[in-house]
Structure formats: C-alpha cells, structure tokens
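Database features, via TrEMBL:
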- A:115-562: domain 'Aminoacyl-transfer RNA synthetases class-II family profile' (DOMAIN)
- A:Glu180, A:Arg226, A:His455, A:Arg496: L-aspartate binding site (BINDING)
- A:204-207: region 'Aspartate' (REGION)
- A:Arg226, A:Asp227, A:Glu228, A:Gln235, A:Glu489, A:Gly541, A:Leu542, A:Asp543, A:Arg544: ATP binding site (BINDING)
2 protein chains.
Amino acid sequence: MMDTMQGLKRTKYCGEFTAEDIGREAVACGWVQRARDKGMLVFIDLRDRTGIVQLAFDDRTDAELRAKAQTVRSEFVLMAKGEVRRRESVNPDLPTGEVELYVSDLRILAKAQTPPFEITDKTNVKEELRLKYRYLDLRRSEMQHAILMRHKIVKAAHDYYDRNGFLEIETPSLIKSTPEGARDYLVPSRVHPGCFYALPQSPQQYKQLLMLSGYDRYMQIARCFRDEDLRADRQPEFTQIDLEMSFVDEEDVMTVNEGFMAHVFKEVLGVEIPTPFLRMPYDEAMERFGSDKPDTRFGMELCDLSDLLGGCEFKVFKGALEAGGSVRALNVKGAADHLSRKEIDKLVDFVKAYRAKGLAYTRLTADAETSSYEKFLTDAEKEAIRGRLGAEKGDVLLIVADGNNQTVFDSLGALRVELANRLGLIPEGKFNFLWVTDFPLFEYSEEEGRYVAKHHPFTHPAFEDLDKLESDPGACHARAYDMVLNGCEVGGGSIRINTPELQERMFEALGFSEESARAKFGYLIDAFKYGAPPHGGMAYGLDRLVMLMLGKSSIRDVMAFPKVQNASELMTQCPAEVDEKSLRELSIAVTAREEAE
Amino acid sequence: MMDTMQGLKRTKYCGEFTAEDIGREAVACGWVQRARDKGMLVFIDLRDRTGIVQLAFDDRTDAELRAKAQTVRSEFVLMAKGEVRRRESVNPDLPTGEVELYVSDLRILAKAQTPPFEITDKTNVKEELRLKYRYLDLRRSEMQHAILMRHKIVKAAHDYYDRNGFLEIETPSLIKSTPEGARDYLVPSRVHPGCFYALPQSPQQYKQLLMLSGYDRYMQIARCFRDEDLRADRQPEFTQIDLEMSFVDEEDVMTVNEGFMAHVFKEVLGVEIPTPFLRMPYDEAMERFGSDKPDTRFGMELCDLSDLLGGCEFKVFKGALEAGGSVRALNVKGAADHLSRKEIDKLVDFVKAYRAKGLAYTRLTADAETSSYEKFLTDAEKEAIRGRLGAEKGDVLLIVADGNNQTVFDSLGALRVELANRLGLIPEGKFNFLWVTDFPLFEYSEEEGRYVAKHHPFTHPAFEDLDKLESDPGACHARAYDMVLNGCEVGGGSIRINTPELQERMFEALGFSEESARAKFGYLIDAFKYGAPPHGGMAYGLDRLVMLMLGKSSIRDVMAFPKVQNASELMTQCPAEVDEKSLRELSIAVTAREEAE
C-alpha cells in the first residue's frame, strides 16, 4: 500500500515558496521532476502547476526517512512536510531558488513508471506519441501555461460580456439536421427508430430565435461540430464564443467586440489594443492584399498593372485582360539576393496551387535586370511596370495574369504572406486588428450551378443593394464583417434578415423553392412571422483566438484533448466499434467496416 | 418594406424610464404588449426584457404619425423616439408608471401575426403548445426571469471557482463509448466506417486525467448526455457544474462547495446560507428519513419498532422480523382529522408502488382509537408502540413491515414526503442543506448477479474498509458524498482511487476480468501507472439547482429549449429522418422506421 495524506494538509503550492517562509513549517505536494541521491544528501525537485521547490534531506535527517527519499524516482507523487530554510547554493534560475524544504515527513502517495518521454519543454518528441500519452504531455509547463491562459481568456469573455448586458444562454446540442452548409454529425435516436439528431455546427438558428424572444443580448461558449475532411488545423469539435444582439447595426456589434478584444488582451497579456479598429471593405482588401483576411503587419501590397498593358502583345497578359481578368504584381523589395532564378521557379509551383498558370518576374540585381517577359513587352511597357511598382535595384517583381481575378488575388495574396514569412518581414509581438466589411452577399457555385450564400442565408443584404437582389445578385453586398488578426479570421458575423418578406426574397435568390425552404427552415420561417427585431451578432473561433494570442502554430497546442487529422483521439483510441446490441437498440446496422490496420 | 432603424439609436431600455428622464429625448425599442386606440389618444405598452414603458400619441401628434400608431398590433416590433413626460394618470403597478414617451418618430420594424397564445404570465396554455412555439413562450416575463437567473447562477459559478484557483478546462464531446453505466448516445464516424463516438455522460475520466496531469483544480460547465428512458424530469442532454481537486480529502471538497453555495445564494437570491452544512452518514439518513436525500425542513422522522415486537404473534410483523427485516412507523401528528379511513386506504396503494405489501395504521381520534392490527397485538405491544411514537389524541400512526429493510425505508421515506406536502408541513422559502456521507461502496444487482459500484468504479473505499473489499464487499463504505437541498440531490461526488493496485482490487471486487477491465478502461489503467495524486471532486446538476433556487417544479422551466419526455423537441420536430446519402456516407443503414403517427 502507498502512503496516505492522513494527518497532513498542503499549506503551499510549490511555486509559492519564498525567503519569507524561512523558519516556518510547510507542507507541499507534487510530482518529482528530478531526484539527486548524493549519499548523505538527497535533493528532490518537486513540481506542481505553479512551479518547482527543492526538498532536502541530509546527514541529520532520520536514516529511515533518508532511505525512503532515496527510493523516489521521476514522476512519483509526494507529499512532504518540513521546515523552510535557506539553500546553501541559491538557484537563480528558479523563482523559489533561494529556499528549500528540509523534510521531516515524506509520503509517497503514488509511484510512477518511467514515462515514455521526459516531462520537459525542450522536447522533440513526435506529436503522435505526445497525443497518445496526452495525460503526460499535459504535465509539461508549456502545455500547462497554454491551458491556464485559455482559462483566463474564457473568464475574461464571461466577465466582459456579462458586464455589457449579455446573458449566457445554453442552446441544445441534439438538434435537427439541416442539409445546408457543412456535413452534420448525426446521432441516431433509439426512441424514434430511423430518426436522427444532428450535433450543431453553430447555435445560429437558436440564437436568432432568442433575439426574437426578446433576450436582447446573448452569449455562449458553444461547442460546435463539423464532419469535414480535416484540413491542417481543423478539429471535428471546436469552440465558439457566440454572440447575438438586438436593435443594432454593424457599428454596434463591431464596437462591443473591439471592446472585448481590448479587454481580453489587457487582462490576459497586458497588451494595449488601440480601438476602434481599421474598417476595410472587402474589395479594398482584395485589391491591396489579395485576401479577405489581410495581414497588415507588413507592406508589399498588390499592384494592378492592367491599365498599363492595354496594348500589350504578350499573349499571357493580353489573354488575361481580354478574358476580363487582370495583371497584378508584387514588388519584393531588396529580395534579389534572396530569390535566385531557381527559387523563383519554385514560387511558380507555389502559385500553381492557387490555380495560377504561371508567375512572370523581373529580377533587378546590382548589375543586371533579368525578366521572364523581356522579349514580349516593349521598353515603354517595362518602364511603366517598374515605375508603377517603384522598382529599384535589388528588387524582385512578381507578376500574375489570369482571366479570373480571383485566381490573381488568391495566388498573389498567398505569395505575399509566404514571402514575408521567408524573408522575415513580419514583426514579432505585434497584434494587428482590422474589420473586413461589405462582403459579397452571394458567390456563384459552379458545382451547384446557382448562387450560394457567402455567409449564410440569413445575412441581411446591404440596404443600397436591396433592389438588385433579383436582377443582379452577384453585385449585392452583405451586412457582414470579419474580425481579422495578423492575417487570420478570428471572428465573423453579420446583421440578419428580420422580416419574412425579405427572407423569402433571399431564399428565392438562392434558388430554394418555397417547399424546400419550408423543409429546411420551416419553424424558423414561422417564427419570423411573430415579430423579430433587427439583430446581428458574431462568433469567434475560440481555439484559434487562443492560439494567436499565445503565438502557437496549432490549435492542438491550446486544447487539452485534441483529435488528429483523421478525427480520432489517439489516447482513448476513439472512435471505436460498439457491440451489436447497442446498434440493434438504435435500429441501425453497419454497412461497411474499417479495414484492420 | 418595413421601416429601418437608420438614423436612430436606442438610448434606454423600456424598464429603465423614471421621473428623472422627464423633459429629455429618448429612443426605446421593443414589442407591443398592448395597444389602445382611443381616437385622438393612442397608448402603446412597449415591452423589452427589462420591463414596459408607455408610448403616447395625442391630438397634437402629427396626424400621419398617429394614424401609423393606430395600425400597431400586439407583438409588433417598434422603435420610438420622443420626449419623456409625466403621465396624466400614474400607473402604480408599473415601475415606469410615472412617465411615458410622447412619440415624435415611430418605426414599425416588424409586424406580427396574432400569436397562438397571449404573451402573459397568467397562462394556462398547455405545455405542448408552449414548447411548439417556444420562441413565443420565452417572451413571457416568467421565462425571461428564469433564464436571467440561470445566467447569474452560472456567472457566480465561474467567478467563485476562478477565485478559488479552479481552471475551466474543456473536455471532448466526441469520446469513446464505455459499456458501463447508462446508455450512451452514439455518433457514427464517416472517416472510420463501422466505428462510433459516444457523447459523454459526464467528463469523469477526462477530469481524473487532468488531475493526473497536474492541473490541481478543474471546473467545467459541461454538457452531458444520457440515452435513458426519460422519467418525469430528465432530459437527454443536461448540464453539470463539474469539479475535481487534487491532494484533497472529503472535507476539502465539501468545504469549497459549501462556500460556493453560500456565494451563489447570496449573489443571486440575496439569501444567507449558514455553513458548514450538517453531515449525515447514509445509515442515519435511512434510519431517520428513509431516504439518502432527506428533506430536513420538517420532522415526522421514521421510528424503528422492531425491538418492541420480538415476541409478537401478528404474522405480518413476525414474518418481516424473522426474514431479517424490520417494522417501522411514522407518527403523523394531529392528522386524524385529515386522514379518514378511506384516505388511509389510498395510502396503502401509495406505499405499494414502493414494493411494500401493506400499511398498518392506528387512528387516534378524540373519542376512539381504530387500528388495523387491533386484534393481532397484545395491549402491552400496542402500548409500547404508542409510547415509542409519542402518540397523542389526534395522531395517525402508519406502520410498514417488510423482510427487506430497503422496502421499509423506501416506502416510509416516500410516504413521509407525500404526507408533508399534503398536510402543508413544508415551510416556504427555506433552503435546508446537508451532506449525506459514508455511502455503501457497492450494491448487489440481482439482475447482474454481482456487486455493482453504487457511485462508479473509481470511488475510493473508506480506509477502514480496505481489508473487507474481498471478504465482505457489502459492508464496505465509500468516500462519497451527496449534497442535498430540500430533499433533492443537487450534487454528489467522491474521493477517487489513485493507485493501480487499489483500482485492480476494485475491478476484481466488481467481477471484471483483467481483460474486460482493460477493454473498458485500458488507457485509464495505463495512465494511473504514471503517478496519480490523491484527488476527488463532485458534479452538480445545474438544471436542477436552478430549478430549486427559483422554486420551479420542472427543469423544463429553467432551460431555453428543452425536450419532452420522448426526447423530441417540439419546436424543430427533431429527431427527424435524414437522406439516404448521409447514411451511406456514414456506412450505416436504418433497420426499422418509426411508424407514422
């Protein structure tokens, strides 16, 4: 049997010991970070979530007690009582390094096998092994810090929104499946054979109903679920800070949320965030940064060359312009030394991933100018390009031409960020916020052969576009806004439609028959007949916000128990097969099984 | 088209208007509670979540504006600008009753159909209709108050536990199914055909792992799921305030949580709750109250008569005692007038629902004593019973005898509460807390032919019972505790096993083979080999806590969007059928369909 804690109570966390405690009795608990047995001297570094304190045993220690201390290994769980005394050799690297606990009572509360990897921040252990033993990985102070900070961020959200009149209201997790949007996770019902619940992709419809019910300001830390093919940094379940407000316009929502960012950054990181944030219309964001989530921490903006090349004979440029597209460029200042001809060739592959057909370039070294379009443009055209881009010796000009403007934007926008990262143009520790506004209301889906909602079908069109909803949907803007931080979308939302008449026009513009609209959103259509206030809101991706605030590169590093890319959890080995009886009770059968690995 | 808010901004909530605002301009928004058209005078009661303010129009109002006001109907959504003025006839029933808004600009933001029921607290509308139109039901001030209070309770929990060093940590909702305990909701995996996630019944295993990872104090407002046959007041999804602490014993957990109750009652209801709470061992609770969640707001305790009836010839009593059971009674003081012979007969049916075979009684009216066992007991025995129970004229003595003590406790325990309710013995507005402690570790399951864990298999046995784990499991107590409020369990928890050796003995006592234990809890068994601290915690049923604090009789009245007894949501009509394509993607097929209604 192990020792028990009986008769002792912790009086201090390990990280809290200071010189002021010298001469006092104390009891500490924790895990063995390191044990050093020097014969008559035994030192144990004891760790808890606050830090490390040294336990000491020496030649005056009772021999049995010292012998017990010598049996201690890494990660054993201990409770130790003793007197705090000044260390012989102070450890300046440790906040508690001036003192040690001179132990008179040692309890071994649990033993530990040797862990599969050392519990230390300097780890290059494979992520898979870390996730399999997540409970050990979570002992590392780096993970503990992330989880502590996440707690503080969530607490700051509760505090801020409460103070601003938001009520936290829970919406259901077992809801009705709607075939619009991403793929739902489904939950078979036992009581209703053949019927299914869905797990919510967001509380969107419920929060709108709460506005209709008069709750005025709603917030929720909401778990959401999407059964998507997981891209690099997506999780099947993730958390939103979800908000909705009544009798508001875009400015009201943005102002409240700028206040939240200022609060949470100040509270958690001690960083002042200036407000209001820059507001940038979608069209401007695309023109200047080739992205609807521009990273404004550095320049290197996109530059439109189309008007300079009206009479150009180079068929790549000419073709793009004739197809209604554009020719745009980046000037990568002073990069000629860093970007060799060969490396530029690799950038061609990079932009091809964004559907660009190629990348034209000019390299202006100290003594020469080499250009991929040298032979195809007139000197005047080349001069005009250099002039427009403010090209100087040492610069590299990178040009994309395409008949589809989106392709030009996507490829140059991504290239801009890629090069800024490679060339170290992004300043550390800077938090650049802005709002991107005036999004298109629709985007045309080639796949579905119709316009689909860019945001969702409840987004309010811009007032000035209301008469174009039927005649020119592609030109309509939405009362939608995204909050962008350092080139990432941390949140987004919109003002919603609040009258059945406008909602009906919206459904029609989306090509829903009255019947299919009813089948999908019947209860919601009914609800809106009983008086819905103007309302709008937004949602933050909490995991991503925490990641950005802590400067992490993956949301897995700010979640206690994440899943990997194939949506499984390595620690518990889930999902897993279940017994036939459970399936029979649910009136379902499995039609295919996973191949054994 | 409806009016828009453009150019106006709300300056005040409806409930906030006071005499201080007289003479000032103001803008209010809300729903029409009532509109009165008296020709040249129009009054509209405008409602939002804070209250009601009167909008006024009169003969000096612009004719077009007054005409517009006359078109307004109940539940229309309005925005109104005007000057605050003193009312001609003050309404003392309304907090804002001294003033009104004399309107100069009226916007009709949305119209409303006549709702299927009036938005008022004096409602006797069927719950089914209320739930079908939940978004309208939620407009009633009674529901708004409940949701507001729930928000405050949750906020108080965040604040209190944060201040006491608890970190809020999110655990996953898509987890591994464990065949122990209640039925899991299952979620088919698309990526892993034939495999399933389960929705958590509680975060039990994850929170224990967090203790093993050194997080020391954890809390979470956790959504939990149980696919049970729904009894009166259960929901398929419900919310727990979930807690866990390291290096603690029972007293530590209880003390922190008494502090929470004192805080939340003070903060939300302004009620002082004295601490510490009474601690009552399980055995005493059964002996005195026939229940492990005794309502201590009134007396009428159970009384054991067994020792008085050792030589008794009455075969009902004799048989019970010989079978190792007992004879116990309640003295319902002064109830002889309320409980006629006929009504006592009905109580026989009541106790039969608790498996009692019958109910013996004595009725002591002013002039007579009638007793169901008159002929079968000696005068001395009858005298002894009266003496033990302190029987006086006017009392009714109710006796249950059974060979199974549990049956005696269950039936008399339930009868005690039933009679207290009927006879009005329960004082209003009283909050009686206590802890029930020292629960049995196991209970014998006739169904499974083995001992099962009363709490769960990770509960730590009492230290003094450790040597009886194999030899006499039925006599072992658990380090478990329930928090009881007014006869309801509001929370419960335990100190957990923290060493693999003891966990193994526990699994053996439960009859799990090593193999089946591994299959069920493999990763957890492994985890505990790496050093788990002594730890324990508890969980509150949040819905029930809110219900009790607000004096409601159903948890559906403190949830925004509850489900009904057959686990469906009437508003959205879920669960529902889904298309075949979705099922194919999940590699499942439906084997039975719900009969159309």
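Every residue, even glycine, has its Cβ placed from backbone N, Cα and C.
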Quiz item: Of the binding-site residues listed here (A:Glu180, A:Arg226, A:His455, A:Arg496), which is spatially closest to A:Leu542 (ATP binding site) when Cα positions are compared?
Solution: A:Arg226
Quiz item: Per DSSP, to which secondary structure element type does A:Arg496 (L-aspartate binding site) belong, with helix, strand and coil as the options?
Solution: strand
Quiz item: In Å, rounded, how far does the Cα of A:Arg226 (L-aspartate binding site) sit from the Cα of A:Glu489 (ATP binding site)?
Solution: 18
Practice problem: Would you mind checking how many other C-beta atoms are within 10 angstroms of the C-beta on A:Leu542 (ATP binding site)? | Solution: 27
Practice problem: Enter the number of other CB atoms within 10 angstroms of the CB of A:Glu489 (ATP binding site). | Solution: 16
Self-check item: C-beta crowding around A:His455 (L-aspartate binding site), within 10 angstroms
Solution: 21
Quiz item: Using Cα coordinates, what distance in whole Å links A:Glu180 (L-aspartate binding site) and A:Glu228 (ATP binding site)?
Solution: 14
Quiz prompt | Between A:Glu489 (ATP binding site) and A:His455 (L-aspartate binding site), the C-alpha gap once rounded to whole angstrom | solution = 14
Exercise. Would you count the other CB atoms within 10 A of the CB of A:Glu228 (ATP binding site), including those on all shown protein chains?
Key: 14
Self-check item: Per-residue Cβ crowding (10 Å cut-off), top of binding-site residues A:Arg226, A:Arg496, A:Arg544
Solution: A:Arg496
Quiz prompt | Residues in the region 'Aspartate' (A:204-207) grouped by DSSP into helix, strand and remaining coil | solution = 4 helix, 0 strand, 0 coil
Exercise. Using C-alpha atoms only, work out the spacing between A:Arg544 (ATP binding site) and A:His455 (L-aspartate binding site) and round it to an integer in Å.
Key: 19
Quiz item: Roughly where does the domain 'Aminoacyl-transfer RNA synthetases class-II family profile' (A:115-562) sit in mean pLDDT, to the nearest integer?
Solution: 94
Exercise. State the Cα to Cα distance, in Å, between A:Glu228 (ATP binding site) and A:His455 (L-aspartate binding site), rounded to an integer.
Key: 17
